[in-house]
């Protein structure tokens, strides 16, 4: 049986919020079967919980924000992407502020944290959402689609009218039955343009952004001393973002996601449309792991 999994141990990290610029203490904790991923604002009294579900998304400007009344948690997508990539079903994410720390701008540090905490299988079957037919949302020339696929595959195409990105790979497709999230996607960093920074900061966005936690691009090139981690890092980061956004379904997917110039808003619209169209999906689990179209690395002992 493919089982649900959580963390073996509690683990902590410190960072800054990309948009708020605030110092943030992050604690990842094990959670019982069928809890899902739940964010906790531990700086508030009483503590406020926000489950990582599509219906709780309140803002999608530059990041995905979860809300519960007037309480919010910003920039959840990179951590959720790491949770999805490592198959974590149940965990508590405690924060000392309103934003998940940006770390290095990728999911890599979160993967390291989760692997350091160790993974623990639980005594319940892992639930998957299987896509049964095409579901699409569009906004102008932007598009996001779910398709049936016997596995999990994410295809993405970006089209930035920028001299530097014009020369880079702007499309990618990753079939996770033949390659790993950790290897292919997890280290791709978020990116931003110098031309946008003044506008963003005027609107209290990207206050914590720097070359330490993002790829920064001006009209002539990439400003980061070490350059790109891969030629397709820009589009791979959009895949990373999409995987995090899709995990707001609350379960791992069996199907294909295709995005064309899609972002957090359109990704969330697609999830809401899928959830509403109950004939487009089904919940499945696998008593025999060898029959499943998706496999996960075996849990290893915590380091």
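We count from 1, first residue shown onward.
Quick reminder: no glycine exception, Cβ is built from N, Cα and C everywhere.
The Zn(2+) binding site annotation in Swiss-Prot covers 78, 237, 241. Summarising the annotation, Swiss-Prot assigns active site, proton donor to 264 and lists sequence analysis as the type of evidence.
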Rounded distance in angstrom between the Cα atoms of residue 241 (Zn(2+) binding site) and residue 264 (active site, proton donor): 8
Distance from residue 78 (Zn(2+) binding site) back to residue 264 (active site, proton donor), taken between C-alpha atoms, in Å: 12
DSSP state at the residue listed as 'active site, proton donor', helix/strand/coil: helix
Shell of the Zn(2+) site beyond 78, 237, 241, same chain only (C-beta within 8 angstroms of their C-beta centre): 77, 81, 105, 106, 107, 188, 189, 190, 238, 239, 240, 244
Recorded positions compared (78, 237, 264) - highest count of Cβ atoms within 10 Å: 78
Local backbone state of residue 241 (Zn(2+) binding site), from DSSP in three classes: helix
Mapped DSSP class for residue 78 (Zn(2+) binding site), helix or strand or coil: helix
